[in-house]
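Asks: Attaching a single structure in structure tokens format; questions to follow.
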Amino acid sequence: MTTQAPPTSLLPLSPEQLARLQAAVGEFSPTQMAWLSGYFWGMVNQQPGAVASPAVAAPPPVTVTLISASQTGNARRLAEQLRDDLLAAQLSVNLVNAGDYKFKQIAQERLLVVVASTQGEGEPAEEAVALHKFLFSKKAPKLSETAFAVFGLGDTSYEHFCQAGKDFDSKLAELGAQRLLDRVDADVEYQVQAQQWRQQVVATLQAKVPAQSTAPTQSTTPAAAAITSGGTTTVSPYSKTAPLTAQLSVQQKVTGRNSEKDVRHIEIDLGDSGLRYQPGDALGVWFDNDPALVEELLALLWLKGDEPVSIDGQNMPLAQALLSHLELTQNTTLIVDKYAALSRDETLIALLADKPALQLYAKNTPFVDMVRQAPSDLNADQLVGLLRPLTPRLYSIASSQAETENEVHITVGVVRYDIDGRARSGGASGYLADRLEVDGDIRVFIEHNDNFRLPANPETPVIMIGPGTGIAPFRAFMQQREVDGASGKNWLFFGNPHFTEDFLYQVEWQRYVKEGVLTRIDLAWSRDQAHKIYVQDKLREQGAELWNWIQQGAHIYVCGDANRMAKDVEQVLLDVVALHGAMDAEQADEYLSELRQARRYQRDVY
């Protein structure tokens, strides 16, 4: 922990007054100082015989600004917990979504706490992109009167672990702000670190800011609020930690038999649960690992599966822990490092010195295949200590309750690959496609995403860019726009390898076009000709018309791959704005940032 003097702005004295006071009291003894304190107290409280003085107004309460930069909801939930802690400690707090934060006011912040997640290749959460760009621009102000703390959320299975948190921490310090606490970089299993950090933040702020004598103020929004079809706000009893047990009603392959992709349309019956969602939200899916994978791992380690282990204080057989509580299909560099030490495998130990090769190995080699390639004799507790907790997967919702009512639809790309001749599949996608039977129970919850919403005005034009399974939320958008009778124009850009095999929801899109609900559709089939064509090529081709729609107030939505597609699409948008808007590169970038701030450029990328 780093301890520093509070900024002078937190005191009810100006720097000049503070300097004069410090100079004056230097010549007094402790006894004289004690007498003076009573003398000043008497002046303030107008005791008999005290020298009258003008009443001094109490300084306004110092508010802690708490910024949540969340991608999948974890940062938001942690920020909400910290907000509650600060309020309980009688401190005033303003919790704000990074996408709603007026970042030009950051120079006025005195106490700033940032909870930041990282997405893709070290990029900030989508809602924090504009703030991140501003802080790293020439317009960023000096922050010498600001004290701050940063908690970074990330995943060690990615190369740029917690990079967004590191960026915010280093840039705030570079701009002159003072650290209240050292930055925390937390992995997927972040709860223990988060609880300790919350306690440290509260204690540190209590030492710097007097508790409010009146009720502390807050500015925030409900955590689990959902909007019903009638427009009222409800609080759902279901969450990531308390999911709804629903039933699978439809599981259908929507790619052709000769397609290189296996994409499934999934429909889940929510029954009379009352679970509500909006177009743009995601569905969280809890899953069980493949029993065959569990048996394979146990056999490789010469374990029976009935060995007792403890998971979060709950005792259970090892086989049950591997099936339902521990991650088996994702590896990380940290796991490789620990396993190399236990196995003493020379190949793995040598790999640790080559960071790029280590990252690639962890990404492409599931834990069970690492054990097969580098055998070791682990006991049950050692195995459990190596593996990460199972986490749910999020899927963009492909339906609107205005049409499907008590159902929720998702579009799932099934992950399939071979390693050393052995077929492997993704944890959740394999569960949904291969192991979960129709009418079977499935645990789900809604992850609300207020950063991917249809425009409030039904007359506003909408541009949707979603290749592959990125088309999912736009199916929900079109269902909603049709039910609402929205008069605004709709334009879809979709792409996949082959027209005949990979045109997801083809009949539905054709109907929308025929009935005039979908104004335009541009399709990119990357493998149907000698040269590859992607959605970004179609965007560039339609640049002039695209600019016309933007000038008419269109909202732009992008869904799909964050690492390649989304970056390429953004570059084309910048090029279109520069060319047709007669701007240079810097002006185009600022223009796109303004669209993002106005919620006219929204992305759901992963």
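Every residue gets a Cβ built from N, Cα and C, even glycine.
Grabbed the feature section from Swiss-Prot, which reads as follows:
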- 70-75, 117-120, 153-162: FMN binding site (BINDING)
- Thr329, Lys363, 393-396, 411-413, Tyr417, 426-429, Tyr606: FAD binding site (BINDING)
- Ser526, Arg527, Lys532, Ile533, Tyr534, Val535, Gln536, Asp568: NADP(+) binding site (BINDING)
- 212-234: compositional bias 'Low complexity' (COMPBIAS)
- 64-202: domain 'Flavodoxin-like' (DOMAIN)
- 241-455: domain 'FAD-binding FR-type' (DOMAIN)
- 212-235: region 'Disordered' (REGION)
Asks: Can you give the largest Cα to Cα distance in Å, as a whole number, for the residues Ser526, Arg527, Lys532, Ile533, Tyr534, Val535, Gln536, Asp568 that bind NADP(+) in the record?
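Replies: Looking at Ser526, Arg527, Lys532, Ile533, Tyr534, Val535, Gln536, Asp568 as a set, their Cα atoms extend up to 18 Å apart.
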Asks: Taking the Cα atoms as reference points, how far is Asp155 (FMN binding site) from Ile533 (NADP(+) binding site) in Å?
Replies: 33
Asks: Could you check what DSSP calls Tyr534 (NADP(+) binding site) once collapsed to helix, strand or coil?
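Replies: For Tyr534 (NADP(+) binding site) - judged by DSSP and reduced to three states - the answer is coil.
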Asks: Taking each of Thr329, Tyr395, Thr411, Ser526, Tyr606 in turn, which of these binding-site residues have a Cα lying within 10 angstroms of the Cα of Gly120 (FMN binding site)?
Replies: Tyr606
Asks: Using a 10 Å cut-off on CB atoms, tell me which of the binding-site residues Ser70, Thr329, Thr411, Ser526 is the least crowded.
Replies: Ser526
Asks: Report, as a single number, how many Cβ atoms besides its own are within 10 Å of the Cβ of Val535 (NADP(+) binding site).
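Replies: By my count, 27.
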Asks: Say you check the Cα of Ser526 (NADP(+) binding site) against those of the binding-site residues Gly73, Ser117, Tyr158, Gly413, Tyr606; which is nearest?
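Replies: Comparing Cα positions, the candidate nearest Ser526 (NADP(+) binding site) turns out to be Gly413.
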Asks: What is the interatomic distance between the Cα atoms of Tyr395 (FAD binding site) and Ile533 (NADP(+) binding site), given in whole Å?
Replies: 26
Asks: In the structure shown, with every protein chain counted, which of the binding-site residues Phe161, Tyr395, Tyr534, Tyr606 has the densest set of Cβ atoms within 10 angstroms of its Cβ?
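Replies: When each Cβ's neighbours within 10 Å are tallied, Tyr395 leads.
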Asks: Return the member of Lys532, Ile533, Tyr534, Val535, Asp568 nearest to Gly73 (FMN binding site) in space, with distance defined Cα to Cα and candidates limited to these binding-site residues.
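Replies: Minimum Cα distance from Gly73 (FMN binding site) across Lys532, Ile533, Tyr534, Val535, Asp568 lands on Asp568.
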Asks: What are the DSSP helix, strand and coil residue counts for the domain 'Flavodoxin-like' (64-202)?
Replies: 55 helix, 35 strand, 49 coil
Asks: Which one of these binding-site residues, Ala428, Ile533, has the sparsest Cβ neighbourhood, judged by other Cβ atoms within 10 angstroms?
Replies: Ile533
Asks: Specify the count of other C-beta atoms within 10 Å of the C-beta of Gly426 (FAD binding site).
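Replies: By my count, 19.
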